[in-house]
Amino acid sequence: MQIPKGLEPMYPSTADALQAERSRAKFDVSEMHKFIVDAGTRSRTAKVLKVLEAEPETFNLRDIYFYSRTERMEHALKMGKRLIELMQEGKLTNDEVSWADTILDTMGPYALHRSMFLPTLESQANEEQRELFLKPALKYEILGCYAQTEIGHGSNVQGLETTCTFVPETGEFEVHSPSIRASKWWIGSLGVTATHAMVMAQLIVNGKNYGPNPVVVPIRSTETHKPLPGVTVGDLGPKFGFNAMDNGFLLLDHVRVPRINLMQRYINVSRDGKVSRPANVDPKVAYGTMVYVRTQIVRNMSQVLAKATTIALRYTSQRRQFSGKSDNPQPNGLESPVLDYGMVQYRLIPLLAQNFAMFATSQAFARHYEQCMDQLNAGNFGPLKELHATACGLKRWTSDVAIRGIDTCRHVCGGHGFSSFSGLNDFYGNSYPNIIWEGDNYVLSQQVGRFLLTQVRALRSGKPVADNQTTQYLRRHLTNGRLETVPGPAFIGKSVASLAADTDAQLDLLSYRAAAMASELVDRMDEHGQTWNQSLVAMQRLSDAHSDYIVANYFRQHLATLPTDSPILPVLRKIAALNFLYVLEQNPGDLFRLPGRAAFSTKQIVEIEQLLAKLIEEVRDQAIPLVESFGVSDLKLNSALGRSDGQVYDNYLKWAMEEPINREGTGDKIREEWFQKYYKPFLQPTKSQAKL
Ligand SMILES: Cc1cc2nc3c(=O)[nH]c(=O)nc-3n(C[C@H](O)[C@H](O)[C@H](O)COP(=O)(O)OP(=O)(O)OC[C@H]3O[C@@H](n4cnc5c(N)ncnc54)[C@H](O)[C@@H]3O)c2cc1C
């Protein structure tokens, strides 16, 4: 099927319109790219893209939207196999292969081997186990997965029911699923691929339960790939997204494994059943690994949202609907780009600004993480609790903004956003689990809340409190753990316009809001008998208020790395102010209820709305250069609407023509068969049918 020849050229062409948007740039896009995307990511992306683009036959995403589930899995396996070969040929590292998965948006069946099985071995295996499991795993001679979640328990890890019982007679462990509820569930790479599972099971020695611990259980033969005796394993079927991955279930029927299979870095069971914990390793180090995984999610979420904002902003700047609007006249009676409508801007521009904040935050947070890890590795565990709480809060904040942001982006593209060729639908499904895994976002808000409440209570009772970015603001705003309204915080008395121009005052207000919420919640719980369960709604608001402050603070820290005369600073300051006003505009209730003189008036709320609208309009002018500074490649976009050439309608129509039902040969055959079977009886009724 071909586009008919001789069609009139479109005026203005969407490609020209995109080019015109680019030419509005008031800053150097490549300078902005260097600032917003860290050097490691830039070089990794460039290297991986070069390798992928050199093999277009293998790393081809063109047909992916037409695939069935099994075709998707096979396609992912094929790409995954080649990536492993490239690694073995020394052309890519393990990290770069994971990055290739991200670019290709295809978490295939080897992904959990890399993202969970190998890191658990790295952090929890002793030397002998590294030799036994890590060495072959690194060569892909065994394929692993991480089996923690069960059909009956996910967030409540302590409630897991799979057991790992020491057998004194033989010195082995018996790993067992006592009920259907104990069936491992959701486990990535388990359904079809893995030969070994890192099973989290209750460790029981001489009748005593030592809680969930990881144990390596061989589940499929590396010779025949058939399940081993006592193992019931399979794929758990189609899902909302993530369908290239073989998420699976696993039931173990009294499966025996050698004692060495229990990860022994933090716990050891001797041949005679004595349980010991090595004195030279602190189990708190394991928290560092959890925090690391969340730092990776924070980093990835900025990339995830960047794909969605790139598609939506490019498309809405080219899509034209309606003409003759008096407040937005277009030359030659042209229709308006939909991005010029205030309502479209309100949906997209704050998202773009949040995307900038995310990129900056992920870099500043990564630096904070490195500093804390240096201290942890030197045996100082002081920073761990705050680091953990910050990571929980940021994982929740960034993944919530990114996942809801993808949905906003596809909706803002109208009907075409609903087409797979927008690049936003599979992508939404594939990215969605980020708000569920590594701590469900609502459960995580309790970790943040618990930390903040503990700090406030410590300040009230005069107990020692560590010095960190959180306690610094709590101390500043609370006196003996209670909110001080006289003389009150520095932001009081400032106009909305001067607040928007003053980063110190912004941080003062955002931190005061979080401190006020924390203090009020402690009052309600400790002095008015409000229970933990009754406090959960307030706690998730508190978690977000805290993270709003942390994100703004990290954004400022990252801006401070630029020279004061940097030409990209003015637009970045505007973006920071927009983010600040957007937080306020979204949460007017928090501002009305600030205590005493700190409380906002209706007039101030109206000023916030007006100034926000003005900034949104100003940033819209630079929207395309700004979003293109994220540098998302066409391969990653895999979108007809968002490609860099701006040929929206041509690409879209050509792609639709490739739909298998339209194709010559195979498509012709299907259509002919359906015609004969289903429509022909109506279209060409036989004489007897025609009489009816
Ligand atoms: C695509 C995908 C891949 C996954 N891959 C893996 C994997 O490879 N390995 C693995 O082990 N797991 C994996 N998981 C499982 C994932 O980690 C869990 O789904 C997650 O931890 C949430 O647990 P749950 O599903 O049991 O939800 P539940 O804990 O049952 O939560 C259900 C609801 O209750 C709420 N809730 C729960 N507890 C509380 C509480 N205390 N207070 C208030 N609200 C609460 C939650 O917010 C949620 O809304 C995967 C999940 C998905 C979707």
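Every residue number used here counts from 1 along the chain in the order it is shown.
Note that Cβ sites are derived from N, Cα and C of the backbone, with glycine treated the same way.
DSSP assigns Glu438 (active site, proton acceptor) to coil in the three-state reduction, outside any helix or strand. Per TrEMBL, the feature active site, proton acceptor maps to Glu438.
Under the heading FAD binding site, TrEMBL lists Thr149, Gly188. Long-range C-beta contacts of Thr149 (FAD binding site), restricted to its own chain and to partners at least six residues apart, with a cutoff below 8 Å, comprise Lys184, Trp185, Trp186, Ile187.
According to DSSP, the domain 'Acyl-coenzyme A oxidase N-terminal' (31-143) comprises 81 helix, 0 strand, 32 coil. Taken from TrEMBL, the feature domain 'Acyl-coenzyme A oxidase N-terminal' covers 31-143.
Look at TrEMBL and you will find 145-254 tagged as domain 'Acyl-CoA oxidase/dehydrogenase middle'.
What TrEMBL records for 287-453 is domain 'Acyl-CoA oxidase C-alpha1'.
Residues or ranges marked as domain 'Acyl-CoA oxidase C-terminal' by TrEMBL: 504-684.
Sequence-distant contacts of Glu438 (active site, proton acceptor), defined by Cβ-Cβ distance under 8 angstroms and a gap of at least six in the same chain, are Met290, Val293, Arg294, Ile297, Lys395. Looking just at the domain 'Acyl-CoA oxidase C-alpha1' (287-453), the mean pLDDT is 93. For ligand 1, the neighbouring recorded positions among Thr149, Gly188, Glu438 are Thr149, Gly188, by Cβ distance under 6 Å.
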